[in-house]
Structures are given as C-alpha cells and as structure tokens.
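Everything on this sheet refers to the single structure shown next.
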Amino acid sequence: MGSLDTVDMGQRAIDQIISELSLNEKVSLLSGVDAWHTFAIPRLGIPSIRTTDGPNGARGTRYFNGVPSACLPCGTALGATFDKDLIFSLGQLLAAECKAKGAHVLLGPTINIQRGPLGGRGFESFSEDPVLSGLAAASYCSGVQDGGVVPTLKHLVCNDQEHERVAVSALVTPRALREIYLLPFQLAIRGARPGAVMTSYNKVNGLHASESPGLIRDILRGEWGYEGAVISDWFGTYSVADAVNAGLDLEMPGPTRFRGPALMHALTSNKVSEKTLNERVRKVLELVQLASRSRVPEYAPERKLNRPEDRALLRRAAGESVVLLKNDKNDNNNSPILPLDREKKTLVIGPNADIAAYCGGGSASLLAYYTVTPRQGIADKCGADQVVFSQGCYGHKELPLLGEHLRTIETGEPGYTFRVYTEPPAASGSFKGNGSRKPVDELHMTNSSAFLMDYSHPQISGDTYYATLEGTLEPPESGVYEFGLTVAGTGLLYIDGVLVVDNKTVQRAGTSFFGIGTVEERGERYLEAGKKHHVFVEFGTAPTSNLQHHGVVSFGPGGLRLGGCRKLDTDAAIQQAVQSAAQTDQVVVCVGLSGDWESEGFDRPHMDLPPGTDELVNAVLEVQPNAVIVVQSGTPVTMPWADKAKALLQAWYGGNEAGNGIADVLFGDVNPSAKLPLTFPRELSQNPSYLSYRSERGRVLYSEDIYVGYRYYDKARQPPLFRFGHGLSYTTFHLSDLAVRETAPYAANIKESSLRVSVTVSNTGARPGAEVVLVYVRPPPATCSVGRPVRELKGYEKVMLQPGETREVSIAIPVGYATSFWDEGCDAWLSEKGLYFVEAVGTGECNTLVAPLSVQVSRMWNGL
C-alpha cells in the first residue's frame, strides 16, 4: 500500500484479516522489520507504520546524519510550566513534526518518576509527583492524538535509573508501585487513552517488565481496561513465550530476536497458543488502524517543518518553563534585581552562556532546526553592542563537537567527508590516509557525533565495517588545542598526519553511546591561526573492539564522536571574568549541565556542577553580589553559593528557543510563572534515595517506599534547598474564598463521588502574570490505619491575570483519587472515612488556604 489514508479496518475487517493471515504472516506482524518500521502484508492491505523518538521532538528514522527537527523543552521543563493547555499545544506540534518525518507513532511521553536526582533520563520525565506527571502526560497525549498521531506512554515501569538498566531488578512494595510509579500511567490512560504503551528495560520485583503478566495482563489490560498496543523498548524483549503470553504485542526493533522462527517453535510446542497469538496480532492491527488517522504514506520521505508559528510556540514554552528561584533586592536601589534593564550594558559570563544546552542526551536528543544560546538571546534583545562576554570556565564533560568548525577538503564547505569501507585499513604504524581502498559510501556531514545504529547501505552486511572522517580545521587563534575521540568501536585521530589520539590500542570502557562506548580519549596539538590543519579519523565499528559491557543494550555497529577546542587556563579565565564583573552593574552568569552530563545510558555520579563552576560563581558574587545566576540542568544540582546569590533562575534544557526564553524572563518580556516539579536538595545525601540508588548485585531497593520527593521532606521535616512547587513572579497574587464541595458523598461506588475545589485568585501587583494554584490533600493523621504522607498534590490549575484582575479557579478531582491509599492486604484502593484537609497553595510561602473535607464512609475501589 502507498498510503495509510485508505486503511479501513473495523472490528469485522480485523477479524476477517486475522482469519486470512498465514501463521508466518501473523508471527511477522509481532516484530519490527528494521529499526523504526513494522512489517507490512501487502496482499491483505496491511501497511508498514513508522515509529520515531522521542519525548521532546520527532527525530525521524535516523540517528545518523538525520533530518533536523523542532526540539521542545525537556520533560522537567514542561512539568515546571504546570500548564495543561500549553502542553496540549506542544503535543499538536509534535504530531505535525511526526507527519513531517513520515512517522505514525511517537515514542513519548516519558513518565517515569525521579526518585532521586541522579537518573540519567530524569530530564525526560515531568516530575517526582505522580499526579503532575499523569495529568501532564494526558495533556501531551491528547495533543498528539488531536493531530492524528499515536503517542506512546513509556516506560512501564520503574525505569528510574540507567545503571545496569536491562539487568537490574527494582524491588518495590505493592503500595509504592501503585501510589507512585504506576499512578502516572493510570492517570494518563484515564485522561487520554493513548494508543501505545512501552515497557521498560528493567525487572520489577524479579521479572522483566516486558514479560510480566502482573503488569501487562492483570493491571494494564485487566484492571485498567487498556485497549491499546504494548510494545517493547528497543532491544527490551528477553523471552519468546513469556513475553507473548504476558501481553507484549510488538517486539522492537527488527530484525527480531525473540519472534520469527523462535515464536513459530513456541507455537508448535504449545508454549504459545494460536488464540494468544491472535490476541497479539489484533492489537498490532488495531495500532495500524489507529495510525491511519495520520494519513501519512508508507516510508514517506522526511522533511523539515520549522514554521514561524511553531517557533513562537517553542519560545513561549521556553520562557514559561523558567523558574524564578530568588529575586532579592538590589543593593543600589532597593528594588528587586529582576527584571534587568535592556538599556544597560550587560556582562554575560559562564560555560553555558555561549553553548546551546537545548536537550539532554540519548534517545531524547536530536538535531535541532536551530538553537539559541543565552548570549545570543540576550544580544538579540539588547543589541550586540550592549553585551560583553567572558568565558570564566568550561562546563563540558566531553570536548565540544568539532564538525561544524571543519571544512571539506574538496569544496571548503562547513563539515567533513565521511567515507565507509568494507575493508579494514592497511596494517601500518603510521598515517596512510584513505589508502587504496574504495569507499562504498561517501557523505558530507556537519555533526561529528555519528551513531550508526540505523545506518544502512546495500553493500554493507552485518555490523563490521570501517569509516574515515576527513576535513580541515582553520583555528581563529594560535595556541594549544585539545582534541577528544570517543568510540563504540575503535578509532585513531590524526592532525596533520600526526597521531594525536589513539582509542584503539588500549581502550577504557565509558558511558558513551548508551553505555556501549569508551571514555573520551584526549590529545593536544599546537595549531596556527589562519592555517588549514588536516583532520583525519580512522574508525572501525563496534565489533572491532574487545571492550565488554554489562547490563547495557547493544546497538550494533556503534559510533564515533570527535570533539575539540582551545585549551583554557581556568584560573586565568575566572580572574578575567571577575575583573569584568567588578566593573559592570548588570551581570548574568550562565552555568549548568548539558547532554554530556545528563543522558540515557548512564546516571550522574554526583549532583555537582562541572569543575570550576562553583569557584566561578562564588568569585563573581564576591565582587558583584547583584549578579543573576542562571542554571541549566534537567534535574537538581548542588548550589553551595545559593544563599549568597540574590537572583537565581532554573532554566532547564529549553529546546530550540532556550536562549530566547531565558532572555525573555531576564528582561521582563515574560513574567516567570513556572514552579519546580522536583525538590532541590541541598546535597545528595539529603535525598531519600541516597542509600539505595544504584544496582547492587542485580537489584535496587526502593527503600524510601512511598516517601519520594517532597513526601519525604515533609514527613522528615527536612527543609530542602528549594521545595517542590516553589517559583516566584514579578507580580504578586492573593488567594481567597476557598470552597470544597463533594457530590454523592455517600455513594456506594466512590467513582460517582467527586470534589469541586474553587478559589478566588487576584493579581495584586503591577504586571500581568500567571498564577499556578496547587491543590493538596492532607489525610486525617488521627484516624489513618497506615502511615501516609503529610500532604499530596491532587490537582492544579494555571490562570493568567492582568493587574488588578480577579478570577475564580475551579478544579475537579475524583474523591477516590483525592483521598485513597493502596491497601496491600485487600489489593485495592481504600478511601478511609475521616476529616481530611484541602490546601490551595499559590505563589509565596504564606499564600495558602485550608478547608476541611469530611469523608463519611470508607470505600474500596479498583480500575480507572
């Protein structure tokens, strides 16, 4: 078939198709044909559908040399907006981006829980709170589905760390599993009915999630009545019969490892019944039917979208995600430091000022249409002549990508030439260049991070082949330059024919390329300004390396990454920044992490900022206490200077428009309204998962149980650095007239009972602004039969108000969700009778109202 817009598979048609499928055809439908596509059965009109990563943008089918895409702010940034309408609109944009990439299924959103601050993929998820996560996911999925594309909730469940992620068993109590880790999925399914759910890599209580009948058959499909498709994470299938019988419909990617002949054998040996096979086939066919709404042709060419209205939406999202953590008074005029004055000269300092930290690493990463650095955003707003830059220190973990600074030898275009060979290079101890080998492929590229998982060529069979990277580098100034080569495979880097980096002879295992690569090996070379220096990399794919990795996913041919920059004297650079800051009234210091530090494939070893960063911030604040500190990270970092800083922003990874979003908030074009979706501890040891985060002998104990994030800090009376829900504004708000009304308080079926929480919100300041009203419920401590958190978020709403404007905000919450805990003895939710308290919390520590809620009868319930 050429197009999915002709697919018409109603229930009767699907029954008919199943009856006409051969056994081999049925089996083929249950796995991918390649990295991103499902099998087609042309004789029966069953097309292939295309999937694409990921949660913050539609990358398309190519990690390697891919087509640029729109990049949304990361998951924690979207969670910080507390804006359901905005997230719905971003979902619509994602659907349009999927269609531009010829994709029918989007592999997002990610709704795992940040039980600690170190998770490599923590930036992908919305929040440490399951209600915020679930409601945000429902809005996201609704927006994607509104555009005719199928969203995928991932990863079911407890994929909360990267360390040994395919081997580790998350040991979690049934209560914590239900109240914290499954609840986001439950709420998202209740609110949006997304067409697909992806299972996680890890085990849950000893059994891999992708073959867990308890998770897939009993809870997801049985209790919740979920009717969509269940697909594996990529290479996250571990069995034949167990996975099929548990309810895993689609193994990805292809070619299959556990379906195909192995599944045929399981059928003939009665380990899998044909009835069960037909159930799995039906779900795949229903997924194809759902995907037909997109009207995207099969194997459509990938294209760019990059519309003006999309850029405006992305800028709005970037600005609305920035959290104003502190805004004390200026020593000079007794007014709040922010917003800044665009007419004044602004000094911009720091490692994140002149780089685009727009997304985290791993499957969430993509090649953006464009990026905006904080320095660029500020210069565009104030004028380049009003902005001065000082580096201060570097913040990279791996050296900055070199590709865009290279030029091709043949034409002088930006980038380099990438040649692929089936033959290895001639054995030699010296530089030989490309030699007499004939390349089977030759590409012009600019991105010098080349992950080859989805590279293909007719003359390449298997994962073993070779490649060269060649170009010239003309540095702007003379000096010692540092170069880095990271590989999942083997690699040698030559500069002007001299071996500078050997990442082949002796290799050290690292975390690159989803955990299958090496550490970055570095070397130095003196370069002359204005001279064209020859850069050449000799690369062999992953099978040419003898490195062994445990507990990680293997991605075939591997990849290479080439970085480089001028070597920096950090002490001298900090001193230069301090001298400039002492002479400037308006200073912005941009620090933080990037996709080097936060990525799928590994967890952070600590919460600290990169070396030199804290020294830079402290030194600048000593001479300019009014300096504004901007932190970019997807999850919490330590800020030992936070008490000293007077103005502080948390800016996350803001997508394409990150720099503009930061500048909009700094200069008051956007009034900050975001709130922290995560608790920021003062130090790593303060967080509740501190003693039990990594895998130990194949298991990780969720020892904090239900006391994740703010639930722990409230219970332990431990004040963190910044609490969940914290975020300031340039205006002021006042809450009043809290009212709580319950419908059907005595109904035997608690699903007939609901709460209506209403509160009056007034903008009492001089600027337009948006207020986020958070609704918490406090259980009755005197009558609870089990220990419970002090309070739990149950709903929220965001409202935009002009100065002096007053509006009523109303939030509906089912009574069951508002008052229940998971009763392990009864295997059900229990809403106990007693006197609860409903809190409405706004901006500011004292802006809280409380109202009683009397639950008259105890009731149990299951399902959605």
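First residue shown is number 1, and so on along the chain.
Each residue, glycine too, has its Cβ placed from N, Cα and C.
According to Swiss-Prot, the listed position annotated as N-linked glycosylation site out of ASN333, ASN503 is ASN503. Considering only the recorded positions ASP233, ASN447, ASN503, the residue whose Cα is spatially closest to the Cα of ASN434 (N-linked glycosylation site) is ASN503.
The domain 'PA14' (411-578) scores a mean pLDDT of 93 in the predicted structure. Across the fold, the C-alpha of ASN447 (N-linked glycosylation site) and the C-alpha of ASP233 (active site) stand 26 Å from each other. Sequence-distant contacts of ASN503 (N-linked glycosylation site), defined by Cβ-Cβ distance under 8 angstroms and a gap of at least six in the same chain, are LEU485, THR486, VAL487, THR490, GLY491, LEU492, LEU493, THR518, GLU521. Of all Cβ atoms in the protein chains displayed, 24 besides its own lie within 10 Å of the Cβ of ASP233 (active site). Once Cβ contacts within 10 Å are tallied over all protein chains shown, the glycosylation sites ASN434, ASN447 are led by ASN447.
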